[in-house]
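Asker: Handing you a structure now.
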Amino acid sequence: MKILLANPRGFCAGVYRAISIVESALKIYGPPIYVRHEVVHNRYVVEDLRKRGAIFIEHISQVPDGSVLIFSAHGVSQAVKAQAKARQLKILFDATCPLVTKVHMEVLRASRKGQEAILIGHAGHPEVEGTMGQYDNASAGVYLVESVEDVNQLKVKDENNLCFMTQTTLSVDDTLEITSALQKRFPKIIGPRKDDICYATTNRQQAVRELSEKSDMVLVVGSKNSSNSNRLAELAKRMGKPAYLIDSDADIHADWLKNIKYIGVTAGASAPDVLVQKVIITLQSLGADESIEMMGQEENIVFEIPKQLRIHATEISCS
């Protein structure tokens with residue numbers, strides 16, 4: 001039984017940046033550091049940061065005056081930003097992924113131009129809530145669609161003044177179907193100049209396609225509330241392979257491995273490599289031998305943390 005490792009897998013640039021912001025803030029300002037929502041959707045990462053002094057909250061009212069506050073990688077609405085600015089905080093850092101911010105700017109532009117905006121995304125996801133919360137033009141409107149059926153039932157005010165954008169962590173295939181439906185129903189609708197689904201989502205889904213072709217079963221390391229991790233497991237199943245979304249190696253069942261020759265392993269963009277390594281060790285204890293790294297798209301994108309954190313971090317390292 002052999003282990004095939006998808007490439008790329010695991011952390012993306014936005015996740016690295018968000019975690020680094022929390023870690024740097026803890027080092028510079030000391031605990032507690034308040035973070036609105038889980039900084040990334042991974043239980044291991046969140047628990048590790050919580051042990052080090054991060055406090056995860058859902059409402060700005062939960063943050064005491066004089067505190068350090070960080071927005072999560074998923075982004076927040078204009079209303080939440082206004083609430084935070086109205087508080088007597090020591091300092092505020094925004095860990096929103098720059099690629100999510102790109103979509104925010106698209107919605108803001110639509111709002112200012114009086115265009116109706118249609119967001120393709122999953123209801124209730126914090127990224128969607130933050131993105132829709134950029135729109136404040138009461139004379140037009142912003143709408144959420146999750147399926148082709150939603151598109152067919154959608155009612156807008158002006159079919160000639162529409163634009164659309166997407167959540168960054170969607171299924172590439174599903175999104176293509178929905179955008180095609182939008183363009184068919186609203187021929188004059190305008191889409192983003194560059195795809196809103198982020199490079200990491202696209203690359204990891206392509207890697208899972210290739211992994212599924214060579215594997216008898218696929219394990220996706222990622223938490224249940226991770227959108228991009230769920231999409232990877234769904235894609236493997238669409239490829240006709242048994243697929244399991246696991247938080248850690250403790251979730252692996254030995255009976256999954258019966259009659260399996262090749263086990264595919266990948267990880268969502270918010271899952272750290274330490275979890276993948278533990279999965280490999282557990283699989284080897286259950287009879288797997290070598291692990292093989294598959295070829296894949298090289299990623300070299302880096303997003304810098306805020307300048308103030310970089311300066312202070314340098315001062316600490318030099319002292």
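Positions of Cβ are set from backbone N, Cα and C atoms, glycine also.
So Swiss-Prot lists these for the protein:
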BINDING   C12, C97, C198  [4Fe-4S] cluster binding site
BINDING   H41, H74, H125, T168, S226, S227, N228, S270  (2E)-4-hydroxy-3-methylbut-2-enyl diphosphate binding site
BINDING   H41, H74, H125, S226, S227, N228, S270  isopentenyl diphosphate binding site
BINDING   H41, H74, H125, S226, S227, N228, S270  dimethylallyl diphosphate binding site
ACT_SITE  E127  active site, proton donor
Asker: Between the Cα atoms of C198 ([4Fe-4S] cluster binding site) and H74 ((2E)-4-hydroxy-3-methylbut-2-enyl diphosphate binding site), what distance do you get, rounded to the nearest Å?
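Answerer: Their Cα atoms are separated by 13 Å.
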Asker: Using Cα coordinates, what distance in whole Å links E127 (active site, proton donor) and H74 ((2E)-4-hydroxy-3-methylbut-2-enyl diphosphate binding site)?
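Answerer: Rounded to the nearest whole number, the Cα-Cα distance is 5 Å.
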Asker: When you measure from the Cβ of C97 ([4Fe-4S] cluster binding site), which residues in the chain that are at least 6 apart have a Cβ under 8 Å away?
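Answerer: Result: G14, V15, R17, A18, A73, H74, G75, T168, C198, F303.
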Asker: Counting only residues 6+ apart in the same chain, whose Cβ is under 8 Å from the Cβ of N228 ((2E)-4-hydroxy-3-methylbut-2-enyl diphosphate binding site)?
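Answerer: In sequence order, the residues whose Cβ lies under 8 Å from that of N228 ((2E)-4-hydroxy-3-methylbut-2-enyl diphosphate binding site) (at least 6 apart) are T169, A200, T201, R204, G222, G268, A269, S270.
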Asker: Output, ordered by sequence, the same-chain residues six or more apart from S226 ((2E)-4-hydroxy-3-methylbut-2-enyl diphosphate binding site) with a CB under 8 Å from its CB, or 'none'.
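Answerer: S226 ((2E)-4-hydroxy-3-methylbut-2-enyl diphosphate binding site) has long-range Cβ partners H41, N42, G268, A269, S270, A271.
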Asker: Can you name every residue in this chain, apart from C12, C97, C198, with its Cβ inside 8 Å of the center of the Cβ atoms of the recorded [4Fe-4S] cluster site?
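Answerer: For the [4Fe-4S] cluster site the neighbour list reads A13, G14, V15, A73, P98, L99, V100, T168, T169, Y199, A200, T201, A269.
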Asker: Report the same-chain neighbours of S227 ((2E)-4-hydroxy-3-methylbut-2-enyl diphosphate binding site): residues 6+ apart in sequence with Cβ closer than 8 Å to its Cβ, ordered by sequence.
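Answerer: Residues satisfying the criterion: H41, H122, H125, E127, Q167, T169, L170.
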Asker: Determine the Cβ neighbour count for C198 ([4Fe-4S] cluster binding site): the number of other Cβ atoms within 10 Å of its Cβ.
Answerer: 26
Asker: Counting only residues 6+ away in sequence within the same chain, which have a CB under 8 Å from the CB of C12 ([4Fe-4S] cluster binding site)?
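Answerer: Spatial neighbours, sequence-distant, of C12 ([4Fe-4S] cluster binding site): C198, Y199, A200, A269, E299, I301.
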Asker: Just name the most isolated of the binding-site residues T168, S270, going by other Cβ atoms within 10 Å of its Cβ.
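Answerer: Sparsest of the binding-site residues T168, S270 by Cβ contacts within 10 Å: T168.
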Asker: Which of the three DSSP-derived classes (helix, strand, coil) applies to E127 (active site, proton donor)?
Answerer: helix
Asker: Applying the rule Cβ within 8 Å of the centroid of the Cβ atoms of H41, H74, H125, S226, S227, N228, S270, what extra residues of the same chain belong around the dimethylallyl diphosphate site?
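Answerer: Everything else in range on the chain: V40, E127, T169, N225, S229, G268, A269.
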Asker: Which residue among the binding-site residues H41, H74, H125 has the fewest other Cβ atoms within 10 Å of its Cβ, if you could check?
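Answerer: Among the binding-site residues H41, H74, H125, the lowest count of other Cβ atoms within 10 Å belongs to H125.
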